[in-house]
Amino acid sequence: MEKWSLMTITVLLALTVRWAVSLGSYSGAGKPPMYGDYEAQRHWQEITYNLPIRQWYFNTSDNNLLYWGLDYPPLTAYHSFVCAYIAKLINPDWVALHTSRGYESQPHKLFMRTTVFVADLLVYIPAVILYCFSLKETSAKKKASTALCILLYPGLILIDHGHFQYPLSLGLALWAVLCLSHDWDLLGSVAFCLALNYKQMELYHSLPFFCYLLGKCFKKGLKGKGLVLLAKLAGTVLLSFAACWLPFGTDVEQIMQVLRRLFPIDRGLFEACMFSSPTHCPDKVANIWCSLSVLIKIKNVISPRTQLKLSFAVTFLSLLPACIKLTVQPSLRGFKFALVSCALSFFLFSFQVHEKSILLVSVPVCLIINEIPFMATWFLLVSTFSLLPLLLKDGLLLAYAVTAPAFLAVCLASFSILEKTSAEDLQLKAFSLSLKGYVSWFKSFPRIARSLFLLSLSLMGVLSVLSAAVPPPQSLPDLFPVAVAVVSCLHFLLFLVYFNVVILWDSKNRGQKKMS
């Protein structure tokens, strides 16, 4: 009874924060001609409701792909259609073909915000609650505290309920993790296939899912139960994809056009993160390519095809150690850490990364916040900070200034994170022992970790204030956004090293375990 009461309070508090953030501005509000992601979602509703499926991904007189053309997989389109059907019943003007472009009103804003709330309530929040219920050797109070920290993560709240985005792909991925934690491998595979068919960025998580399940098959023996499991998993994946793509499966050109929209390779390495204009840069991404472009104009030096090959090679090499370890020694704990490490490798090194893609790293980090609260909290704060230029552009400064410190306060109260900085608390004991003669250096590690954390917080705080309150020099209009991106990228590189050290030196990964 106490467990349910605490979780109910947790959910109500999380919903209250989401509602408060949703009262503010959204992406592109009052900024024609393209507006922003809010208009993109509304436009997809317009297109999917008014046009036949065969035209959803094609450029036509009724579907100008240069104006927020659909570039997500079929499940996003189906979801847009369902929302459009409901919108049509309330006010047909919201999804009227052509004439609804750039439609903005308070009733429509309420409707759109409500659709995000419903997605949160039906998919993402239940997955978080059930995940926390499943945590082993943890009191009801600690489970509720963990759930509260996860649900109050400001990055996801500010993007979903402020900027405007649906949490469905991340929620489905969480359901997949939850299913795998109970050995429901086939259900977990279905859930992840749905996540991948909602947003192609779920590829960030695909290798850990593949390696973990393949490792389980190897462990069971590929001449017996392992082969049966492998066949069942393959069949499940094929059937799940077939169901999602069924309306497009009758025409090869349809499938190829959808794939071209999902993976526009010809755009080059960058999405919208190029520090190339001397006067303006639209969006800043805290990955290695955008940070290096401050010094070296990569797009001017390397051809698009070479950029693609370089990106693939670096990404593959950076995630290879974690994937090999997970395949050889499959465990749920190793799986969760591999989700973090591989997603971070994709974010830092892969092709056409958007700043919001950091959420694909942050949500898996939320899953291990009870295991490494200090490092997880630190990462989640940095990931929110990395979104600052986008949040400022959307008018979400106040929401950022309230939710980020509040999240830190909740983590301090729930986990006493400043007291969890020993090598053992940070899962680095095995690594420290392997250093032999350098073990003495680890005696001062807690103090060093706390000092670096406080220094990092101070730096992020100063840059946040400067970004919000101080006009940049005319000769360097993007000074503060670029500084935010570079500082965040340096943090992420260090976190990538840390997570890989934990994975590679972790003896606990030997053998299957239930939830940590």
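Each residue, glycine too, has its Cβ placed from N, Cα and C.
Noted in TrEMBL for the protein shown:
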type: SIGNAL; residues: 1-22; note: signal peptide
type: TRANSMEM; residues: 110-133; note: transmembrane segment
type: TRANSMEM; residues: 145-166; note: transmembrane segment
type: TRANSMEM; residues: 172-196; note: transmembrane segment
type: TRANSMEM; residues: 226-248; note: transmembrane segment
type: TRANSMEM; residues: 334-351; note: transmembrane segment
type: TRANSMEM; residues: 358-385; note: transmembrane segment
type: TRANSMEM; residues: 397-418; note: transmembrane segment
type: TRANSMEM; residues: 452-470; note: transmembrane segment
type: TRANSMEM; residues: 482-505; note: transmembrane segment
Cβ-based contact of the transmembrane segment (358-385) with the transmembrane segment (145-166), 3 or more pairs under 8 Å: yes
Dominant neighbour of the transmembrane segment (482-505) in 110-133, 145-166, 172-196, 334-351, 397-418, by Cβ pairs under 8 Å: 334-351
Stretch among 110-133, 172-196, 334-351 sharing the most Cβ pairs under 8 Å with the transmembrane segment (145-166): 110-133
Stretch in 110-133, 172-196, 452-470 most in contact with the transmembrane segment (334-351), if contact is a CB pair under 8 A: 172-196
Contacting positions for the transmembrane segment (110-133) when only residues 6+ beyond its ends and CB under 8 Å are counted: 3, 7, 10-11, 14-15, 18-19, 22, 38, 41-42, 83, 86-87, 90, 94, 143-144, 146-147, 150-151, 160-161, 164-168, 170-172, 174-175, 177-178, 181, 366-367, 515
Other parts of the chain folded back onto the transmembrane segment (172-196), taken as Cβ under 8 Å at six or more residues beyond its ends: 73, 75, 123-124, 127-128, 130-131, 134, 202-203, 205-206, 209, 212-213, 216, 229, 232-233, 236-237, 240-241, 244, 332, 335-336, 339, 363, 367, 514-515
